[in-house]
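Positions annotated as transmembrane segment by TrEMBL: 45-62, 69-89, 109-126, 138-157, 177-205, 217-235, 247-266, 278-303, 309-329. The annotation domain 'Histidine kinase' is assigned in TrEMBL to 585-669.
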Amino acid sequence: MPGRQHGHGIALALAALGLGAAVASTVLTQRADAWHYSAYNPVPLDIAVAVFFSAMGVLVIWHRPGNVLGWMMLVIAAWDGLALLLTVLTGSFSSPSAPGVGALMWTQSWLWAPPIWAISTFLPMIYPDGRLPNRRWWWAVGFTAAGIAVYCVGLAFEDADFVGRYTVSNPLARPSLAAPLLTVGEYMLLVATALAFAGLVARWLRATGARRRRISLLLLAVAFGTVQAAVRDSISGGLPPVLDRGLEVLAFVLVPLAIAVAVTRDRLYDLDSAVRRAIVGVAVTGTVLACYLGGHAVLVALLPSLEPGSVLAAGLAGALLFPLTLMMVRRVRATVWGRRVDVVELAVGLGNRMRNQLDATEVPAAVCEQVVRSLRLRMARVDLSTESEPRRLAQVGSMDRSGGADPSTFELRHRGVVVGQLTVLPPDGHCYLDDTMAQALASLADQVAPVLAALRLDEELLRSREQVVTAREEERSRLSRELHDNVGPTLAGTRLQLESVRGALPPDFAGVALLDRAVKGLDEALRTLRRVVHGLRPPELDALGLSGALKELAVFLSGPSLRVETVLPSNLVMLSKRVEVAAYRIVAEALTNVVRHARATHAEITVNVDDGCLLVSVSDDGVGVPADAGNHGMGMRFMAQRAREIEGTFSYRSDTTGTAVQAVLPLLRPAGRG
């Protein structure tokens with residue numbers, strides 16, 4: 001990609017300019033031993049800005065070439081490095097009257113301002129995506145640029161001297177012009193800074209997930225700088241020069257570090273540990289320094305005459321160093337990867353839930369919930385291996401692979417057999433799981449595997465039971481058709497033939513009585529055959545379907561004292577034979593109880609399909625079931641057994657307002673079981 005290579009070349013050139021200026025300035029200042037001159041006070045800060053903004057800018061561009069933040073960081077580094085070099089060169093001549101000294105002094109007096117103010121204005125305006133939130137922000141950009149221009153013009157005409165080995169005055173000093181320009185420019189830039197960070201806070205409040213954490217990193221860096229400035233200003237007489245400059249440098253360095261970590265974090269495959277250690281070191285150092293400064297300020301405020309205040313403050317900061325380091329390690333690790341749960345803690349926690357609260361069928365969902373919550377994963381899913389294809393048991397989160405994240409799969413293996421899989425997506429902002437997290441999930445998979453093996457056995461048992469019930473219903477249906485279509489007509493035909501023979505014989509024939517008994521026997525056989533056929537499978541189901549059969553049953557049982565109504569949907573044509581038979585038998589038995597025991601005037605059959613189940617209910621307005629209705633209990637057991645045979649449920653209610661029975665019959669094998 002020539003375009004991308006060209007962009008990388010420009011980025012390296014800008015970084016080389018910033019770094020080269022920083023190195024050259026350091027060498028020149030050290031050679032002249034000029035660190036103690038007031039004109040060189042900004043040099044350490046400018047060196048840090050040039051170095052860190054160059055390095056972090058290249059890192060951002062290398063991984064996010066389309067993000068303007070990287071280019072802005074490099075421009076800031078190169079510009080600030082150039083201003084730094086001009087400052088050092090101004091004091092490197094042999095005398096203040098040497099040619100070019102005045103021009104260098106005037107140029108460096110204002111050239112430093114644009115990059116420094118850009119850090120507090122332009123950077124937060126386009127963070128973290130490298131673009132403005134919306135078009136309305138362009139006026140803020142223009143306002144900021146105008147403020148920088150006014151401020152720089154004020155600096156260019158300020159009556160300020162360069163104090164180094166010699167003193168150089170501003171050749172263009174115009175105090176009457178510079179003062180109002182500096183005041184107006186400074187106020188404009190303060191307003192621009194406030195707007196930039198107000199917008200950043202507003203984006204933080206609206207953001208969620210990885211985006212919110214990215215914005216948080218920069219806000220934390222800014223918060224450190226704010227605390228540093230507040231502590232410095234609160235101490236009368238100021239801080240020791242070395243400490244003051246060190247804190248100022250640290251506050252500025254945290255900004256490019258935060259931007260680089262936030263923008264490129266999901267691509268720092270080999271640098272995560274180093275970045276975490278760097279963040280821990282910076283955070284601990286900054287916090288210890290803040291404790292030192294805060295303790296010193298408090299001691300001096302309470303006891304102004306106490307000389308060893310600095311020693312006591314240092315002791316306080318030192319005492320906090322070890323526990324603070326441990327706390328920072330945990331917090332930074334949680335910020336980068338999420339809350340890290342110890343392997344034993346994760347396993348024991350899930351084990352306690354399984355032992356005390358969870359049914360085996362609830363374990364997959366509990367596993368997904370716990371690992372997502374504890375490890376801040378984007379998604380966790382448990383699949384059960386079956387003979388055909390894996391079946392999903394539970395999932396928490398969505399398969400959002402934004403940022404190039406790839407799912408990680410852990411086999412759930414029991415006694416050498418893969419019984420399922422645990423699939424997870426890494427936390428927001430990451431493309432992979434780190435080693436510790438992967439080990440925790442692998443250990444958890446080993447613990448969960450026996451549970452899934454038991455669920456798999458349970459599923460195989462349910463499948464076998466389903467096959468038995470289905471085969472039984474198929475065989476009953478076949479026998480019912482055979483008896484109804486073949487044996488029944490044969491017996492009926494034989495009866496008609498016997499009646500014909502009897503009609504042809506004289507009444508006083510001796511064999512007439514035998515023929516009459518034979519006809520009666522065939523009548524009884526036909527009645528028995530009809531009962532057997534109906535017991536195997538009601539013929540009405542084959543002829544009319546479940547809806548038609550239930551309507552016919554309601555009409556048959558309705559009379560002057562009892563009205564039976566039906567509330568049926570239209571989508572009952574594709575039911576399996578076992579569901580049809582179970583539903584019909586339950587309704588028939590419930591209506592039999594209504595006729596025998598309820599003394600009701602109205603009964604209603606309601607059938608509905610919901611969430612993969614057939615809901616069957618029969619209700620009446622009778623007096624309930626009397627305590628001495630023994631056959632009623634048999635009927636209830638019969639209906640419950642019918643429901644259980646196909647993995648359904650049965651319930652009933654009976655009181656003085658009537659009786660209601662309900663059966664929930666799964667249309668397919670229950671999902672989530674096994």
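Any Cβ shown, glycine's included, is placed from N, Cα and C.
Source: prediction; values computed, not measured.
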Three or more CB pairs closer than 8 Å, sequence separation of 6 or more: does that hold for the transmembrane segment (177-205) against the transmembrane segment (45-62)?
no
Winner by Cβ pairs under 8 Å against the transmembrane segment (69-89), considering only 45-62, 109-126, 138-157, 247-266:
45-62
Using Cβ distances below 8 Å and needing 3 or more such pairs, separated by at least 6 in sequence, tell me whether the transmembrane segment (45-62) contacts the transmembrane segment (247-266).
yes
